[in-house]
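Colleague: Dumping the structure here so I can ask a few things about it.
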Amino acid sequence: MPVVCSSCEKKNAVLKRPKTGLSLCKDCFFWAFEEEVHQTISSARLFTAGETVGIGASGGKDSTVLAHVMKVLNERYSYGLDLMLLSVDEGITGYRDDSLETVKRNQQQYDLPLKIVSYQELYGWTMDAIVKQVGLKNNCTFCGVFRRQALDRAAMMLKVDKICTGHNADDVAETVLMNFLRGDIARLRRCTAITTGSEGAIPRCKPLKYAYEKEIVLYAYFKKLDYFSTECVYSPNAYRGHARAFLKDLESIRPSSIVDIIHSGENLSVKEDVKMPVQGTCMRCGYISSQKLCKACVLLEGLNRGLPKLGIGKHHKLLAQEPLTEKEEKKLKAVDF
Ligand code: SF4
Ligand code: ZN
């Protein structure tokens, strides 16, 4: 016998909400999902009327749902925001070229301006070329650091006031777990913040911070949104993979684990005397950095010098303080990484 929607009590339920366990019809689910995002946005005062907001768009399910929901809510609640899509082309053949086609279709479907910046034009390197040089072990470190800056640069070009990204509750909980397991106190403190980057960088926020990945998939599916679901061809990221698998196990036993971990992260207090990195600016490119050179410049220097591991792990400190002298470089080349 069909189950009746527990919200409207009229239509038949088509799904059981992963977050609450309630059986809902399609329309009640859409409404509940959108209202929760609106709650997140309004209670954290993420935006102010008149702002230009860049939506980080990869063509994947999270950013496609984010773009759709932001457009719906901006109209429903008259946020008064100028929305646009910002995309980064990492130069990954067989993955990003296809997903960018999805973003271009989204641009038409949602009638939003789109700006694409590429690693090739910003750094002179594509991820395809980087992987050829560094292999498949640390590629995501390069990619993550470069993407962060690339998105900021695209936002600056378009005079965007804020960037919002499609990070969902599962992503945030995974990051809390990873930073906890690594003992990375500075990141642990920052990673649950709904808005980051107020000191000099363009503020970034996560309107889907409390939205479960499973619900994002359901929303995209029932709304028939056009998104790209293939995994990156260079996606090893083993550590995050373990955190993800662990989180999925926890979720299957207790669905609230995801949001509970986020709340734990939010409520962690760091002792007064714990030393935190001081933010300054990179002496080469001017991007915010707690070292003399920002991470992207260190990684780029390594790539251009044929020392791709320079920015990875403990050796990066050396370069971050001072550019290498010839003698130091020779010494470094002799080190077996
Ligand atoms: Fe970049 Fe790694 Fe993500 Fe691929 S999986 S897009 S290489 S960060
Ligand atoms: Zn820099």
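Including glycine, each Cβ sits where the backbone N, Cα and C put it.
From TrEMBL, here are the annotated features:
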- Gly56, Ala57, Ser58, Asp62, Val88, Gly166, Asp171: ATP binding site (BINDING)
- 53-232: domain 'tRNA(Ile)-lysidine/2-thiocytidine synthase N-terminal' (DOMAIN)
- 280-310: domain 'Cytoplasmic tRNA 2-thiolation protein 1 C-terminal' (DOMAIN)
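I'm curious about the neighbourhood of these features; can you describe it?
Modeller: Other Cβ atoms within 10 Å of the Cβ of Gly166 (ATP binding site) number 23 in total over all chains.
The helix, strand and coil residue counts that DSSP assigns across the domain 'Cytoplasmic tRNA 2-thiolation protein 1 C-terminal' (280-310) are 13 helix, 4 strand, 14 coil.
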Colleague: For the binding-site residues listed here (Ala57, Val88), which one has the lowest count of neighbouring CB atoms within 10 Å of its own CB?
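Modeller: With the binding-site residues Ala57, Val88, fewest surrounding Cβ atoms within 10 Å: Val88.
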Colleague: Which ones in the same chain are close to Ser58 (ATP binding site), with CB under 8 Å and 6+ residues apart in sequence?
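Modeller: Sequence-distant Cβ neighbours: Ser87, Val88, Ser99, Val103, Gly166, Phe228.
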Colleague: Select the most exposed residue of Asp62, Asp171, where exposure means the fewest other Cβ atoms within 10 Å, treating these as the binding-site residues.
Modeller: Asp171
Colleague: Report the same-chain neighbours of Gly56 (ATP binding site): residues 6+ apart in sequence with Cβ closer than 8 Å to its Cβ, ordered by sequence.
Modeller: Ser63, Leu86, Ser87, Val88, Leu151, Ile163, Cys164, Thr165, Gly166
Colleague: For Ser58 (ATP binding site), what is the secondary structure state per DSSP, taken as helix, strand or coil?
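Modeller: It is coil.
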Colleague: Restricting to the domain 'tRNA(Ile)-lysidine/2-thiocytidine synthase N-terminal' (53-232), what is the model's mean pLDDT?
Modeller: 92
